[in-house]
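Engineer: Take a look at the following structure, please.
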Amino acid sequence: MWSRFLRPLSSYFNKMLPEVVFVLGAPGAGKGTQCTFISKEFGFVHLSAGDLLREERQRPGSEYGEMIEEKIRNGEIVPVEVTCSLLHKAMQKSGKTRFLIDGFPRNKDNLEGWERVMSDKVKLLFVLFFECSRDLCTERCLGRGAAGSGRSDDNLESLQKRFNTYLNATMPIIEHYEQKDLVRRVNAESPPEDVFADVKKHFNELHRIEN
């Protein structure tokens, strides 16, 4: 008998949880650009794991700064406890309830850490996965670096390491979420406006399901 009352209550509490979309793809796939479009159109707060780490690295007195710099420069992944802590603080600080988490989780350790620390604090809506060839992604990143992105990892040596990390560590994450039917794939090789036309379909579908 109680199950009739508990089901609506459970649904109510689920709706109260902050909602998250993970945004994944190779370096240079256009994740940041598309997150900007999504934020403007659908009101999601864009949290870039990489940007938060770079900000923390530059924050005076940060206990993690030197370690983060070394990891980023070498194309390696920062310990999950640090990244989860920065993401959680940013979510709380925003005062909002819907978030795009860009560039995370990037490996099995990230995934396990997130599920251990955050799975009961947020609701994962889906994983938005941008597919783009290695050659085009490399060209975009090198162009970004030449234009003065200020990123210490927009160079060929770091990019090679980042791609190897992406293929070996991030692709298994995509496979993990595909088994849960949570991955939404988007071809990211077209001009940004055309890519966003495909992205919008997934967010409009989300809105349709909720209503």
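Yeah, the Cβs are placed from backbone N, Cα and C, and that goes for glycine too.
If you look up TrEMBL, you'll see G28, A29, G30, K31, G32, T33, R144, S190 marked as ATP binding site. Among the features that TrEMBL reports, region 'NMPbind' is placed at 48-78. Here TrEMBL flags R54, E76, I77, V78, G103, F104, P105, R106, R151, R162 as ribonucleoside 5'-phosphate binding site. Annotation source TrEMBL lists CMP binding site at N110.
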Engineer: Please give the greatest C-alpha separation between any two of the ATP-binding residues G28, A29, G30, K31, G32, T33, R144, S190, in angstrom, as a whole number.
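Structural biologist: About 17 Å separates the two most distant Cα atoms.
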Engineer: Could you tell me which of these binding-site residues, N110, S190, has the fewest other Cβ atoms within 10 Å of its Cβ?
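Structural biologist: Among the binding-site residues N110, S190, the sparsest Cβ neighbourhood within 10 Å belongs to S190.
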Engineer: Provide the number of Cβ atoms within 10 Å of the Cβ of P105 (ribonucleoside 5'-phosphate binding site), excluding the reference atom itself.
Structural biologist: 27
Engineer: Listed ribonucleoside 5'-phosphate-binding residues R54, E76, I77, V78, G103, F104, P105, R106, R151, R162 - what's their greatest C-alpha to C-alpha distance in Å?
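Structural biologist: In whole numbers, the farthest two Cα atoms are 20 Å apart.
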Engineer: With DSSP as the reference, give the number of residues of the region 'NMPbind' (48-78) in helix, strand and coil.
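Structural biologist: Going by DSSP assignments, the region 'NMPbind' (48-78) contains 19 helix, 1 strand, 11 coil.
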Engineer: With an 8 Å cut-off on Cβ-Cβ distance and a minimum sequence separation of at least 6, pull the same-chain contacts of I77 (ribonucleoside 5'-phosphate binding site), or say none.
Structural biologist: K71, R106, N107, D109, N110, T165, A169
Engineer: Going along the chain, which residues six or more apart from G30 (ATP binding site) have their CB under 8 A from its CB?
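Structural biologist: Residues satisfying the criterion: F130, C132, R140, A188, P192, V195.
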Engineer: If you draw a 10 Å sphere on the Cβ of G32 (ATP binding site), how many other Cβ atoms land inside?
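Structural biologist: Result for G32 (ATP binding site): 16 neighbouring Cβ atoms inside 10 Å.
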